[in-house]
Amino acid sequence: MPAVGIVAGPPGAEYPGSLTLYVLVTCIVAAMGGLIFGYDIGISGGVTSMNSFLKKFFPSVYRKKELDKTTNQYCQYDSESLTLFTSSLYLAALLSSLVASTITRKFGRKWSMLLGGVLFCSGAILNGFAQAVWMLIVGRILLGFGIGFANQSVPLYLSEMAPYKFRGALNIGFQLSITVGILIANVLNYFFAKIKGGWGWRLSLGGAVVPALIISIGSLILPDTPNSMIERGKHDEAKVHLRRIRGVDDVHQEFDDLVKASEASKQVVHPFRNLLQRKYRPHLTMAIMIPFFQQLTGINVIMFYAPVLFNTIGFGDDASLMSAVITGIVNVVATMVSIYGVDKWGRRFLFLEGGVQMLICQAVVAAAIGAKFGTDGDPGTLPKWYAIVVVLFICIYVAGFAWSWGPLGWLVPSEIFPLEIRSAAQSVNVSVNMLFTFVIAQVFLTMLCHFKFGLFLFFAFFVLVMSFFVYFFLPETKGIPIEEMGKVWNTHWYWSRFVTHEDYPNGIEMGKEGQNVKIV
């Protein structure tokens, strides 16, 4: 059973303490675990658009791109080995996230973060010195193992360290760190591609050592969470640490509730079996559909392959890399907007506004590319205004994702799972996310070759579907204490068929011996 972070207490309980400088600094350091994920997303598309990299490892792609002028523009990057280079990481991350949950629970959150950093560092070194495709693939698998451990432990660490009033904003800090990693990777790709001699790709891939060292060293200096200490029987240490992170001496109620919640969680023997019960139907649905839809927004297509995509639609190599830098900046800024507005405007508003914004932009981009490239992939001469229009609408699309499905795809599932299934549901959530990230990365270039500009309409269709899904099936969770989250299901027009008032009387989730349980 994966580790959980929970707090039990009476309904509406407010523990003393606030967001201290100590907690803020530790959460910022921990959130940097997202750098490794973001850096990899940004770096992958950049190196696969560098001719020196393609010439050495994927010569067939290089020939189609540079030498064979009869090749359809849409199909110049279509290569199974090239997509395996990118997507192998996410399959490894899926597998390691299942193992990581056990390590996180038994040894603590910080040690799981350390292991993730070490594995990622090993993969970065192997990729930087790679001489053959198999070395690239093995390196990517090690990177994936590292990401699996980090994605499992970092959000959990942030949830347990943050005061419950600031949990949403601090959790989105993880997504912000991912976007910063993407931006840094795009900037480095732009400059490394200019290095004479064609070895800049080694610096791009090997540069992943830096974020790996940040999370590795950071995990060594970070304190463990009180929840983890209690879970491993270190009650005295946990109480002292809880006083420090809350900034007050009176932590008796919160500490006692942490102990009770830990004892209650130990009574859950078969969390995955519990997840199949009728009353958990909405939770299981959200654990599967939210990460599924998050990947089918098409965002990873843009972030994985932004330089490749821009190169394909007619920009030069330098221009395509710079366009990726621009989208990276937009991604970071828009994520900050989400941090500001998530507790002001609500989750549903951001989901729906972002969906409409992405839908419009994908339709415009598809029309713009279709008008110039048609189906034969020959654009002729591309005017400057055309390039500006395409980049502009892709940036508006990225902004829509970055303040909606990007951060909320991780935040909302963490809010809705009750204690007795939280660990199992979170594992399902992470696994589905990694599975479909792998699938999209594996098939994108082939889909681009066959769907051509219609690929954007393919993703636009799913954005439309997911927006309807949110409108009809996802209740608003803004401003609702997590111990009262049950009422959003038993008062919902559809989910009330599965969740009754008897399941969550008065909206309160019941733990061991009738203790009211608040999940953090």
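Don't overthink the numbers, they just go from 1 along the chain as shown.
Cβ atoms are placed via backbone N, Cα and C, with glycine included.
Predicted automatically and left uncurated, TrEMBL annotations should be read as such.
Taken verbatim from TrEMBL:
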| type | residues | note |
| --- | --- | --- |
| TRANSMEM | 19-39 | transmembrane segment |
| DOMAIN | 26-478 | domain 'Major facilitator superfamily (MFS) profile' |
| TRANSMEM | 82-104 | transmembrane segment |
| TRANSMEM | 111-130 | transmembrane segment |
| TRANSMEM | 136-158 | transmembrane segment |
| TRANSMEM | 170-193 | transmembrane segment |
| TRANSMEM | 199-222 | transmembrane segment |
| TRANSMEM | 284-308 | transmembrane segment |
| TRANSMEM | 320-342 | transmembrane segment |
| TRANSMEM | 349-373 | transmembrane segment |
| TRANSMEM | 385-406 | transmembrane segment |
| TRANSMEM | 427-447 | transmembrane segment |
| TRANSMEM | 453-474 | transmembrane segment |
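Residues 282, 285-286, 289, 293, 296-298, 301, 347-348, 351-352, 355-356, 358-359, 362-363, 365-366, 369-370, 373, 405, 412, 444, 447, 494-495 of the same chain, all 6+ positions outside the transmembrane segment (453-474), place their C-beta atoms under 8 angstroms from a C-beta of that stretch. Three or more CB pairs closer than 8 A are found between the transmembrane segment (427-447) and the transmembrane segment (82-104), so contact between the two stretches is assigned (pairs 6 or more residues apart).
Below 8 A, the CB atoms of the transmembrane segment (199-222) and the transmembrane segment (111-130) form 3+ pairs separated by six or more positions in the chain. Within the chain carrying the transmembrane segment (82-104), a Cβ under 8 angstroms from the stretch's Cβ atoms is held by residues 1-3, 40, 44-45, 48, 57-58, 61, 111-112, 115-116, 119, 133, 136-137, 140-149, 151-153, 156, 304, 423, 427, 430-431, 434-435, 437-439, 441-446, all 6 or more beyond its ends. Same-chain neighbours of the transmembrane segment (170-193): 27-28, 31-43, 46-47, 49-50, 154-155, 158-159, 161-162, 200-201, 203-204, 207, 211, 303, 306-307, 317-318, 321-322, 324-325, 327-329, 331-332, 335-336, 338-339, 342, 402, 406-407, 410-411, 414, counting only residues six or more beyond its ends whose CB sits under 8 Å from a CB of the stretch.
Here the transmembrane segment (385-406) has Cβ contacts under 8 Å with residues 175, 179, 293-294, 297, 299, 302, 310, 313-315, 319, 323, 326-327, 330-335, 337-338, 341, 350-351, 353-358, 361-362, 364-365, 368-369, 372, 466 of the same chain, all six or more residues outside its ends. With a cut-off of 8 Å between Cβ atoms, the residues of this chain six or more beyond the transmembrane segment (349-373) that come close are 73-74, 297-298, 313-314, 338, 341-342, 379-380, 382, 386, 389-390, 393-394, 396-397, 399-401, 403-405, 408, 452-457, 459-460, 463-464, 466-467, 470-471, 474. With a threshold of 8 Å between CB atoms, the same-chain residues lying at least 6 positions outside the transmembrane segment (320-342) that come near it are 42, 45-46, 49, 168-169, 172-173, 175-176, 179-180, 182-183, 185-187, 189-190, 193, 302-303, 306-311, 350, 391, 394-395, 398-404, 406-408, 411, 478.
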